[in-house]
Amino acid sequence: MELRPYQKAAVQAVFDYLCAPDKAGKNPCVEICTGGGKTLVFSQIVKETVEKWGGRVLVLTHVKELIEQGAEKLRLFCPNLAIGVYSAGLGSRDTQNQVVIAGIQSVYKRAEELGRFDLVLIDECQLLPRSGEGMYRTLLAALKAQSPHLRVVGFTATPYRTGSGPLCTPDGILNDICFATSIRLMIQDGYLSKIRSKVSKHAVDTDALSIRAGEFVATEVEAKVNDEVVVERACREIVALTRDRKAVILFCASVAHCRRVARQIEALSGAPCGIVTAETPPAERADLLRRIRGEEGEPDLLGHRQPPLKFLANVNVCAVGFDAPNIDCVALLRPTASPGLYVQMAGRGLCLAPGKEDCLILDYGENILRHGPLDDVHPEAKRRGKRKDIKTCP
């Protein structure tokens, strides 16, 4: 599989950083925007680390779906390497492989069992704690005690956190961004889908919402968005604007909000709307995610398969790492004060797919007014207010 030019540049930037005398002991971060194929970049880094340098690599991520996706792509891209998986949720505890991809929850107290590594790659590294003894810090400290030369490389689409400043700091786990892409340039170069954005006239007013720990207070958001009239107006517009769309993902504020949205979408469109939340059983969740990707569901006892879904409502499930290139509409039915979360949610529609002309972003939480268009996000802007340079077209 041939890497794109910017992916090759990212790989080279990582090795240049790791080999630079003035960067000894420091750790880089690679910023590749959502849909830009960062999995292929770290797959190439894994391949070169093992084949050229004889190193041992640990790939860390935080949810089962990303472990599965990562292992699948690593095996596809690096067929000659023995890829192990350590994940309690997947029922696998490989520890002897040259390359291990693992869930942080499963391994953060298992450094001795895992053994020595030369390189750790952290996917979705914006989840790293700023300080203290979080799971990542606990594991990395123990691994470094075994291998003092250990280096860490982070991968993210959003190099800023919710309410805690920049991801890379002089005294942090990650110290410098060694390579970064631009959504705007990647769209211009044809590597990402074109986007169309609409701030709805039915968007909720977020001016009075309180912010705690960098995010709007959940109970206040719930009171704003989970209103029968608010939901009905938003869903009516969504159904009208997506008649020619193939796959629509809806980001909701709570389980109750998600259920209300799904009921309205089904009533207004006549099409089923799946629901995925933290409460959804794993098998059902996997089936719904498969169907929103345009695939049929798993067969039932009679061998019948459910058809692909057009609508999927979710709460805090599909924002990070979810891969469905066919998504051509993202509806933001909740506000967020986090520029990182905004980019992750809206970016679900950036991947290219056959027959896909563009992605429509429908905003019902004033997120575009707050953070800017997806290709021009200003993370340093005040999260409470709205950007003065953003105008809403009629």
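Note that Cβ sites are derived from N, Cα and C of the backbone, with glycine treated the same way.
The helix, strand and coil residue counts that DSSP assigns across the domain 'Helicase ATP-binding' (19-159) are 57 helix, 32 strand, 52 coil. According to TrEMBL, the domain 'Helicase ATP-binding' annotation covers 19-159.
The feature domain 'Helicase C-terminal' is assigned by TrEMBL to 234-385. Summarised as a single figure, the pLDDT of the domain 'Helicase C-terminal' (234-385) averages 92.
Marked as compositional bias 'Basic and acidic residues' by TrEMBL: 373-382.
Under the heading region 'Disordered', TrEMBL lists 373-394.
Residues or ranges marked as compositional bias 'Basic residues' in TrEMBL: 383-394.
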